[in-house]
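One structure is given below, encoded as structure tokens.
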């Protein structure tokens with residue numbers, strides 16, 4: 001187990017390098033000069049050149065890449081062109097906000113998804129299954145920014161139960177786990193949880209139906225196990241796949257749903273990316289994408305390790 | 001014969017899930033005495049496995065209609081509550097499946113599955129249950145039993161898996177063992193080892209066994225008595241020796257003739273029974289074998305045929321038993 005984990009960690013190194021290359025290349029391939037957006041239209045050529053040298057945009061791409069990677073390895077992702085603040089600080093603050101939101105959303109989605117999935121799988125083709133499956137399809141297919149706005153209209157504007165936007169009364173900088181701050185999270189987390197809920201519910205339904213059709217379930221009953229006992233076996237059989245799906249979903253949500261974070265003005269990675277793209281803030285854009293991609297890789301690693309711990313058939 | 005440990009009377013199993021009801025088992029009566037081994041043989045779809053599963057009521061409850069009675073150790077299985085039923089399963093009667101890879105939970109080690117089963121039925125500690133699991137593994141002759149307990153089903157060979165399945169089935173010292181084609185999925189050499197093991201365990205532990213198979217050779221090897229099934233009915237039953245030497249039902253005659261072993265001379269035709277088994281959702285009137293029977297006459301195609309007693313341990317369900325009498329001597 002330990003050897004397998006170590007091997008998997010080593011395997012992630014080339015993946016991360018690839019991620020860095022792609023993320024650097026993508027940002028530089030896209031057209032547009034990053035300096036134009038911050039310089040006045042009548043800035044002198046001399047000033048343009050000085051700034052270009054300062055940010056290193058005058059060097060060749062390979063050179064820029066190696067310099068950027070070298071600094072990134074030391075935790076320095078450069079300086080944001082738009083704000084002049086270090087990219088690392090900006091990204092980390094946004095990631096912390098998004099991570100919190102995404103973790104809560106995934107948790108809600110996982111619990112509800114598993115519940116609907118198990119009900120649908122156990123009573124497959126009954127009205128209960130139809131209802132649970134309908135809920136899952138709704139989760140996958142409803143436009144979530146629309147759902148977000150509807151929730152805001154109902155629960156903020158009409159009922160006034162929850163705040164409509166932001167990450168707390170004092171902005172995003174002083175997050176605390178108290179009722180007041182948590183109330184800001186309810187609506188965005190609920191909106192965000194709908195997608196993983198739908199996907200997990202559908203996966204779990206298919207899994208449970210498939211497991212229940214296997215002969216070993218009859219084998220378990222033939223040993224005198226109660227329905228609860230059989231259920232526990234089904235759970236353990238379904239767990240590896242369900243967890244893998246959950247991990248991938250958490251990864252997607254970490255990228256921050258740009259639309260949901262915009263609707264709720266949640267100061268996370270989605271909003272950060274949004275502004276970085278519109279302001280052509282290359283260092284910020286690069287840094288954010290790199291950090292998110294790294295989270296995705298690490299998350300997949302964690303899921304793989306967990307999966308192999310749960311399912312003995314996965315080769316270690 | 002002492003009072004039978006298992007007594008099935010007029011068992012009917014009908015599956016109601018599909019478009020039209022399927023009569024998978026129709027009027028089956030079978031007795032198994034304590035310590036007796038009975039083989040059920042017949043083609044695929046003749047109702048052997050369904051009969052077996054009905055004994056523990058393992059067919060899907062919602063889609064199955066059961067008729068008749070199944071008396072096991074003095075109590076009618078068909079009248080048991082869910083609770084009584086699961087107390088019975090695994091403890092009084094246990095089942096061995098055809099393909100242990102499919103019938104064992106893939107994500108639990110074999111030791112854990114045995115311990116779980118023992119602790120389901122008996123209030124003993126995990127350590128004691130594990131010690132018994134080890135004993136069982138040694139009993140069914142799994143080499144390096146101790147480390148094998150921690151194996152998962154996919155880590156074992158087919159023969160070892162079936163031995164482990166047998167160990168699991170015996171873990172709560174059942175009186176009745178239901179073996180559903182226990183050797184079909186195994187290599188020929190391993191088949192014989194497993195059959196010999198089953199016979200040995202049956203004698204040592206005084207088990208009653210019902211043993212489903214396609215293989216008449218295996219049936220003769222293990223069983224005291226053989227029952228032949230066709231289209232959901234037992235068409236003939238007799239002691240193993242009697243059935244093989246003096247078969248009386250035309251279907252049994254056909255089965256015995258269609259055996260390949262010994263009779264296969266190069267160039268000789270393998271005799272087969274013409275036609276195919278009937279659709280169980282659409283059974284023909286009269287004897288279900290009549291359309292394929294070389295002795296069938298008009299009377300066979302109307303009304304039901306009752307079991308005829310031919311001797312103290314020999315019954316057959318046929319109207320033309322007079323015609324099969326001279327045949328078997330030929």
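Note that Cβ sites are derived from N, Cα and C of the backbone, with glycine treated the same way.
Here TrEMBL flags A:9-29 (among others) as transmembrane segment.
Feature annotation from TrEMBL assigns domain 'ABC transmembrane type-1' to A:95-307.
According to TrEMBL, the feature transmembrane segment maps to A:99-123 (among others).
Feature annotation from TrEMBL assigns transmembrane segment to A:135-162 (among others). Sequence-distant contacts of the transmembrane segment (A:135-162), counting only residues of its own chain at least 6 positions beyond either end whose CB sits under 8 Å from a CB of the stretch, comprise 113, 116-117, 120, 183-184, 186-188, 190-192, 194-195, 197-199, 201-202, 205, 257, 259-260, 262-264.
Marked as transmembrane segment by TrEMBL: A:182-201 (among others).
According to TrEMBL, the feature transmembrane segment maps to A:242-264 (among others).
Here TrEMBL flags A:284-306 (among others) as transmembrane segment.
For the transmembrane segment (A:9-29), the most Cβ-contacting stretch among A:99-123, A:182-201, A:242-264, A:284-306 is A:284-306 (pairs under 8 Å).
Beyond the transmembrane segment (A:99-123), the same-chain residues lying 6 or more positions past its ends with a Cβ under 8 Å from any Cβ of the stretch are 129, 132-133, 135-136, 139, 175, 185, 188-209, 211-212, 242, 246, 249-250, 253-254, 256, 266, 268. Nonlocal intrachain contacts for the transmembrane segment (A:242-264), taken as residues 6+ away from its ends with a CB within less than 8 angstroms of a stretch CB, comprise 94-95, 98-99, 101-103, 105-106, 109-110, 114, 117, 144-145, 148-149, 152, 164-166, 187-188, 191-192, 195-196, 199-200, 203-204, 207, 270-274, 292, 295-296, 299-300, 302-303, 306-307, 310.
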